[in-house]
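Database features (TrEMBL):
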REPEAT    24-57  repeat 'TPR'
REPEAT    58-91  repeat 'TPR'
REPEAT    92-125  repeat 'TPR'
REPEAT    160-193  repeat 'TPR'
REPEAT    194-227  repeat 'TPR'
REPEAT    228-261  repeat 'TPR'
DOMAIN    275-512  domain 'O-GlcNAc transferase C-terminal'
DOMAIN    524-711  domain 'O-GlcNAc transferase C-terminal'
Amino acid sequence: MDAGDLHRALLYYKEAINLKPTLGDAFLNQGNIYKALGMPQDAIMCYQRALQSRPNYAMAYGSLASAYYEQGQLDMAILHYKQAISCDSGFVEAYNNLGNALKDVGRVDEAMNCYRSCLALQPNHPQALTNLGNIYMEWNMLNAAATFYKATLSVTTGLSAPFSNLAVIYKQQGNYAEAIACYNEVLRIDPMAADGLVNRGNTFKEIGRVSEAIQDYARAVTIRPTMAEAHANLASAYKDSGHVDLAIACYRQALILRPDFPEATCNLLHTLQCVCDWEDRDNKFAEVEGIIRRQIKMGLLPSVQPFHAIAYPIDSILALEISQKYAAQCQLIASRYGLPPFCHPVPVPVKAKGGTGRLRVGYVSSDFGNHPLSHLMGSVFGMHNRDNVEVFCYALSQNDGTEWRQRIMAETEHFVDVSSMTSDSIARMINDDKIQILVNLNGYTKGARNEIFAMQPAPIQVSYMGFPGTTGATYIDYLVTDEFVSPTQFSHIYSEKLVHLPHCYFVNDYKQKNLDVLEPICRHKRSDYGLPEDKFLFACFNQLYKMDPEIFNTWCNILKRVPNCALWLLRFPAAGEKRLLEYAAKHGVGKDQIIFTDVAMKNEHIRRSALADLFLDTPLCNGHTTGTDVLWAGLPMITLPLEKMATRVAGSLCLASGFGEEMIVSSMKEYEERAVYLALNPQKLQLLRNKLKTARLSCPLFDTARWVRNLERSYFKMWNLHCSGAPPQHFKVMEDDGEFPCDR
């Protein structure tokens, strides 16, 4: 009925009332029309007149209560819904609506009783079923919530809300296929549902189907151009697919639509950092730091992810607090599965009387495949001493068919693909396998399922390798690191107890997988890559997000001080090239002094690294895998360690090579002077280079088998401490067998 029809109806009811002033139905209907016309006070007066003419008129009480409810007068709404029910104990809608009002004032138990009363009268009442599901959802009782949403769908197919709510549950439980199926139903019911498109896009993005996510976000933006969230999510998907400039444009559009949008503000800064867009950088970081601090103070999840924070110029305590908030979020996700606490293996020393024969160690990762983690750790899982350690690898990602995955599968004693399982099922499996030490190889990186660790399926839980920083998690006992990367004096910036491995904590597999790089055959030439044969060639192969104006300014100073030199960088990503060339030009550096090449495959990358003369590391976030690559190539580097873990890894690599003192500096000024000195003293640089090359096959840095023995020593120390009843504590691993099991 349109407005004209409503006004005509209003006139008819007025005439009816004039003819019979005690006609309660006419007052009720007149009130309903006023309500439809957006005239709530007139509606309330009509409902009151209806009750004057019929004091026990349940429908009028219900309508009056609804009018009060819509005006936010919840106490009056509750009073009149109760009066409606007292007049008609079978008034189904009044029970449901009273439940809504009671829930809104925090009287949830009473609300649930109302919904149940409604269902007792009408078991297939879709709103009451959904409302009960919503309460269980808010209580994180996801299975109970899902039961009610499914019940709703069994009695009606026209409501999209239960499908949407079920999708949220499935997604939180890692059941992405069912979540997508539910969102498909939402969009079947309403193809123009922009929220449904965004939610389905989020699910696609989470499982790596980025092109489909982009399609959903783009359609949502077309349907609702003012939806800031859709623009921001489209930006994130563009960034993941390498379209960085499109991502920046979408983030900026999101902020035009919603200037107070913390996620878009923080993610825009990260995207700008990825392409070295440093305009007004200090003010932008100050704004983002302010956002983070306010969110933490308010108990909110920070809009800056821990993995982004490691490369930001923020203080170490704030980085710890960010990780702590994300760890708490993982605990919340874990709680939604409703698992009871796990029982753990009896803490009996391995091979002691009554103990087990071997220590059972589990590794959890989404990166068993063509990923830097597998490039570095591929041999580790098979190198464990099977007399003492039983190894389980739990793969969170599907088999990518690469040699890296096949090798780890073949060499690991127990390799389990759990990619299709829910997180609670994985945790149960780990516990059923009686894992004693569970190692998180992801941390806060893509593909992680940290909620598994929050469920605490193992008595000792360890963070290693994937995330170069603290997890902030109370359920992670130890961080495997070393004395240089995480000195005890900095232990206050870590939530875990620090396990100091000898030499360097950062393992690699080059001696097993990249020996051919050392062969003199097939040497690359600089001209193969458009590099100058006659210039001193500085290089940095780190991703561009690790750079900042201070280090680039220092590089420009170096380039201006060293005659006939150039700096070799990677298009990592390509969108940063133009900006860095412009920045260099403003600092008086010739355009022929900054040379970009594309990213290369692993073996070629290591081989061609040797074409450079000196590697210049990024202090804000070091080259980790890249740092190991260049040292294996025999390329000297200069690195400046700071305080956070990610700023100190390259220094540890250099020390474990045996020649750290010649490559580690203590200030930006010393960084510049050391680079210039080595460039101007080729004999000194060549001597260092020769020493690095000679030491590659004997130094601790590249001795994987030795590293694995030391890691096993750390595991037995952890277990022995646990068996003694002592809490986790910092300790240093000694290269002896004092902690190894032995028959006594």
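In case you wondered, yes, glycine gets a Cβ from its N, Cα and C as well.
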Query = Tell me, what is the mean pLDDT of the repeat 'TPR' (228-261)?
reply = 98
Message = Across the repeat 'TPR' (228-261), what are the DSSP residue counts per state (helix, strand, coil)?
response = 27 helix, 0 strand, 7 coil
Key: For the repeat 'TPR' (24-57), the number of residues DSSP places in helix, strand and coil   = 27 helix, 0 strand, 7 coil
